[in-house]
C-alpha cells in the first residue's frame, strides 16, 4: 500500500526541512516557497519516478474534475488505438509497461483497455460531489499501482495521437501552436515516429517529460498546467504556463518544481486568494 502522492504537509514546514543552509540556491528556494505560500497552504509530495509529471498533472486534474472532458466523450475515443494502428504500422513498436514483443492486435487491445479505464475513472471521480470524498477517491486510485500505471500509458498514447494530429496539420498548412514546431525541430523527434521511439517510449522507464512535452501534455488534456518553477524565482519564468496562450475555458492545474524534473502538488488555496 504505497501512496504515490504523500499526505499534505504545511508548505513552509516542508521548505524548512528541505532547504536549510545559506547557499544562494537554498535562499532562492526559500523565497520561491514563500511566494507559493501566499497562494497555497500545503504541499503533497509526488513519488519521484519518471512518471512524476504525468502523475502530478493527472492527480490535480482528477482532484478538481467536475465533468468528463468533451473529447473523452466521443465514440472515437476508445477506438483510437485501432484507428491509428491501421494508418501507422510503426506504432506497433509502442512500448507498453515494460512488456516487449507483443503482436499488433494485443497492443491495440491493451491500449483500448487503458483508454476505457481512464474514461471510467475520470467519470466516476468527477461525479463525486463532496470534496473530501473526491479526494479520498483520488488517494485510493493512486495507491493501486496496476491501475495508476495503466492510466499513464493511456495519457502517453493520447500525447502521441495529439502529436500526429499537430504534425499533419502543419504539413497541410493549417495553423499549429508554436510548441509544435519546437517539438518537431528536435533532431530526436523530427516526426511522430521518432517522437515515439526516442521520447514517449522512454517516459516512465528511463526518462521523464521534457519542457516541450509538458506543452504537449497540456494541449492533449486541454488543460492549462501552471507551474511554479522555484529555481527561476525572481525571473519572469517563475510561473510558467503550458501552453503559454491557453484557451480561456480550459481548466487550470497547478504544480511546483525545483528543477523541471520532479513535480510536487500545492494544495489548499488560501481563502483570501480564491477567485
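Heads up, the Cβ atoms here are built off N, Cα and C, so glycines get one too.
Nobody curates TrEMBL annotations by hand; they come from automatic prediction.
Annotated features in TrEMBL:
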{"type": "ACT_SITE", "residues": "49", "note": "active site"}
{"type": "ACT_SITE", "residues": "52", "note": "active site, nucleophile"}
{"type": "SITE", "residues": "237", "note": "site 'Linear diubiquitin binding'"}
{"type": "ACT_SITE", "residues": "262", "note": "active site"}
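Residue 262 (active site) has its Cα within 10 Å of the Cα of these recorded positions: 49, 52, taken from 49, 52, 237. Residue 237 (site 'Linear diubiquitin binding') and residue 52 (active site, nucleophile) are 21 Å apart (CA-CA, integer value). Neighbour list (residue 49 (active site), Cβ cut-off 8 Å, at least 6 residues apart, same chain): 204. For the recorded positions listed here (52, 237, 262), the lowest count of other CB atoms within 10 A around the CB belongs to 237.
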